[in-house]
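Chemist: Below are the structure tokens for one structure; questions will follow.
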Amino acid sequence: MSFKGTTVIAIRRGGKTVVAADGQVTFGYTVLKSNAIKIRKLFNGKILAGFAGSTSDAITLFEKFEEKVKAREDGIIDIKRAAVELAKDWRSDKILHKLEAMMLVADSENILLISGTGDVVEPEEDVISIGSGGNYAYSAALAYMENKKLSAADIAFKSLKVAARVCIYTNSNIVLEEIS
């Protein structure tokens, strides 16, 4: 899947987890909005999520993901299990299967990419990125991760700035959320 119009990155470092995204929304070759919010805190601020793709589809997926997190009877938050359950539904449900979006979800211990093809990916490094500028931001973040003085927030911000310089569908209006 390839989506134009956004870049989202998730990073863990030093006990902090960050999800950040640019604010650009495009329709074809036209910029419609420069300050969209593509990330949100879920489950009372314990989980961060970001999306690339259709906004209405992403809202549906946020809601479905939150339902999967809440479904656990013992009250323990398990985003890995919730992500797998969402991916199974997303792939097999006739309506969900048509949704065009990708999600990054993260808590204080995990970062996961969830796709409509049924993939749930936990990155080897403590960084992952999606969207049209995702590869640029990911590459920059890997390089910035070598600098032990930079925080997760610094790396996310700098990486999105790099993506904004080379990806025409990514801008430098960055929104960042952080949890410990």
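The backbone N, Cα and C atoms fix where each Cβ goes, glycine too.
So Swiss-Prot lists the following for this protein:
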| type | residues | note |
| --- | --- | --- |
| ACT_SITE | Thr6 | active site |
| BINDING | Ala164, Cys167, Thr170 | Na(+) binding site |
Chemist: Out of Ala164, Cys167, Thr170, the binding-site residues in the record, which is closest to Thr6 (active site) when you go by Cα distance?
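Modeler: Result: the closest of the binding-site residues to Thr6 (active site) is Thr170.
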Chemist: Enumerate same-chain residues with a sequence separation of six or more from Cys167 (Na(+) binding site) and a Cβ-Cβ distance below 8 A; give 'none' if the list is empty.
Modeler: Thr7, Ser132, Gly133, Tyr136
Chemist: I want the residues beyond Ala164, Cys167, Thr170 whose C-beta is within 8 angstroms of the mean position of the Na(+) site's C-beta atoms, in chain order.
Modeler: Thr7, Asp22, Gln24, Ser132, Gly133, Tyr136, Ala137, Leu160, Ala163, Arg165, Val166, Ile168, Tyr169, Asn171, Ser172
Chemist: So for Thr6 (active site), how many other CB atoms are inside 10 Å of its CB?
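Modeler: So the Cβ neighbour count for Thr6 (active site) comes to 31.
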Chemist: Can you check which residues sit near Ala164 (Na(+) binding site), meaning Cβ under 8 Å from its Cβ, same chain, 6 or more apart in sequence, and list them in order?
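Modeler: Within the chain, Ala164 (Na(+) binding site) has Cβ neighbours under 8 Å at Thr7, Asp22, Gly133, Thr170, Asn171, Ser172.
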Chemist: For a quick check of packing: other C-beta atoms within 10 Å of the C-beta of Thr170 (Na(+) binding site), how many?
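Modeler: There are 30 such Cβ atoms around Thr170 (Na(+) binding site).
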